[in-house]
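Note sheet for the following structure.
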Amino acid sequence: MLIRRPIDIPASEITPREVYLNRRQLMAGAAGFALAASGLPGKALAAPLTFEKSPLSATDEKLTSLEDVTHYNNYYEFGVDKTAPAAHAHTLKTSPWTVKVDGLVAKPGEFAIDDLVKTSTLEERIYRMRCVEGWSMVIPWIGFPLADLIKRVEPQGSAKYVAFETVYRPPEMVGQQSAFPVLDWPYVEGLRLDEAMHPLAILAVGLYGEALPNQNGAPIRLVVPWKYGFKGIKSITRISFVEKQPETSWSRQAPDEYGFYANVNPNVDHPRWSQKTERRIGEGGLFVKRRPTLPFNGYADQVAQLYSGMDLRKFY
Amino acid sequence: MAGQATAQRGKHGFAMPRVPKILIYIVGFVPAVVLFYLGVNDQLGADPMRYLEQSLGLWALRFLIATLAITPLRQILNINLLRYRRAIGLLCFYYAALHLLTYVVLDQGFDFEAIWTDIVKRPYITIGMATFIVLTPLAVTSNNAAIRRLGGQVWARIHRLVYIAAIGAALHFLLVVKSWPPEPMVYAAIVASLLGYRFVRSLVKRSMPKRRAA
């Protein structure tokens with residue numbers, strides 16, 4: 001075979017047209033949603049999640065199809081090709097799963113994922129997702145505010161940052177087995193505490209109404225819509241509250257290219273490519289038109305004040 | 001004509017089935033035709049433009065490597081494919097041109113300001129563009145008339161630019177990706193060994209000037 005054929009079915013034909021064309025109908029109620037979900041490709045997903053719609057879903061933009069959201073992923077623990085996570089992520093066992101919360105908190109502990117889901121009010125958050133590589137999606141996440149968990153564990157006054165860690169299980173994650181790792185495993189990320197407390201920052205446990213597929217970071221991942229996608233650490237096993245700015249995987253790998261903040265910013269180029277524009281996945285096929293990238297990915301009104309007085313060229 | 005293909009034993013060993021050169025072009029263009037067909041029919045995945053762009057570039061690099069492999073194949077394994085080298089080299093150029101065209105038309109949408117900024121500011125695009133410029137005189141002089149006009153020695157000297165192009169192409173691929181994934185490193189290693197082979201051989205030859213001609 002001369003050409004690797006990524007998929008056999010046109011991407012646009014998989015999610016029923018009406019599902020992504022008519023979001024209003026989709027939003028009309030859980031019944032409509034269940035109906036739509038039943039038409040989606042068969043996957044070993046958990047039962048549909050119960051959730052509320054959030055007023056913070058501040059976009060009327062067309063959703064990226066479930067097929068594209070689940071088959072075009074950067075999750076280097078499963079390989080560097082965009083299609084590798086969908087092919088290899090099934091080997092990760094996501095149940096049972098606990099998230100260890102430790103560090104500078106009054107109530108550290110281990111949280112079983114099922115308990116976290118049961119004791120949280122799940123919301124649907126439709127967010128834009130802008131990858132540092134210059135493409136974007138619109139994804140209906142299901143999750144809860146990161147702030148809810150933070151309040152439960154009661155951070156001490158000295159806690160200034162939140163550090164996150166992805167699971168490290170080479171037997172279950174083919175990309176972690178390589179003798180020449182693409183990144184230092186496990187993947188680590190971090191936020192300033194005030195960023196983590198921001199109502200837009202969520203821990204997602206699902207998308208398109210159902211539990212997260214493995215390739216999207218099951219069972220629990222971070223979503224910070226005003227930052228580049230790589231800040232959204234997947235398959236989280238540990239959350240630590242710390243005093244000093246934690247190391248993050250990509251800035252450790254190439255500090256001049258990826259900073260700690262990684263806020264979406266069309267005015268600060270990646271050293272090797274422009275960040276002024278982006279391609280929306282699923283839009284236009286071969287003849288996709290670039291659209292301008294917005295400061296803070298269009299969430300400037302909500303989050304810009306977190307960075308007032310900071311030189312965003314220096315703190316990229 | 002394929003039907004007339006005969007086995008020949010050339011001066012340099014090995015019986016290779018002789019195929020018409022046009023067949024090299026026809027087979028060589030299959031990936032491009034398949035890619036365009038799949039692309040137009042929305043079967044290149046979630047990001048079809050990027051897939052097309054990258055695949056065309058990768059095929060250009062593969063054909064470039066194939067042209068560089070012809071001499072070592074002859075010298076080491078006694079397999080003579082010299083008569084197909086021009087076709088393979090031109091295929092490399094055509095794929096490089098399609099790759100560039102995809103970038104200009106589909107990726108950047110004729111936004112020449114953005115393209116110029118890319119060329120000036122982005123090393124991988126600077127290198128990619130320079131590589132294409134280096135390949136152009138090779139393509140233009142890939143015909144018998146040019147060899148006659150320039151004379152064999154001048155022509156051969158010009159065509160040594162292919163080594164520069166190979167380094168450029170491998171670097172272009174290495175620089176476009178995040179981190180150090182295996183695929184561009186494998187291609188860079190192949191280019192390095194093909195060039196390294198020539199370098200070592202030239203050193204050996206220089207140290208043995210009286211070596212009898214084969």
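Every residue, even glycine, has its Cβ placed from backbone N, Cα and C.
According to TrEMBL, the feature Mo-molybdopterin binding site maps to A:N73, A:Y76, A:E77, A:C131, A:T166, A:N216, A:R221, A:G232, A:I233, A:K234. With a 10 A radius on its CB, A:N73 (Mo-molybdopterin binding site) counts 26 other CB atoms from all the protein chains. DSSP gives A:N73 (Mo-molybdopterin binding site) a coil state; it is part of no helix or strand.
The feature domain 'Oxidoreductase molybdopterin-binding' is assigned by TrEMBL to A:92-250.
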Interface-adjacent binding-site residues, chosen from A:N73, A:T166, A:R221 when a CB lies under 8 A of chain B: none
Overall pLDDT for the domain 'Oxidoreductase molybdopterin-binding' (A:92-250), taken as the rounded mean: 97
Those residues of the chain, 6+ apart, with a Cβ under 8 Å from that of A:R221 (Mo-molybdopterin binding site): A:L203, A:A204, A:L212, A:G232, A:I233, A:K234, A:S235, A:I236
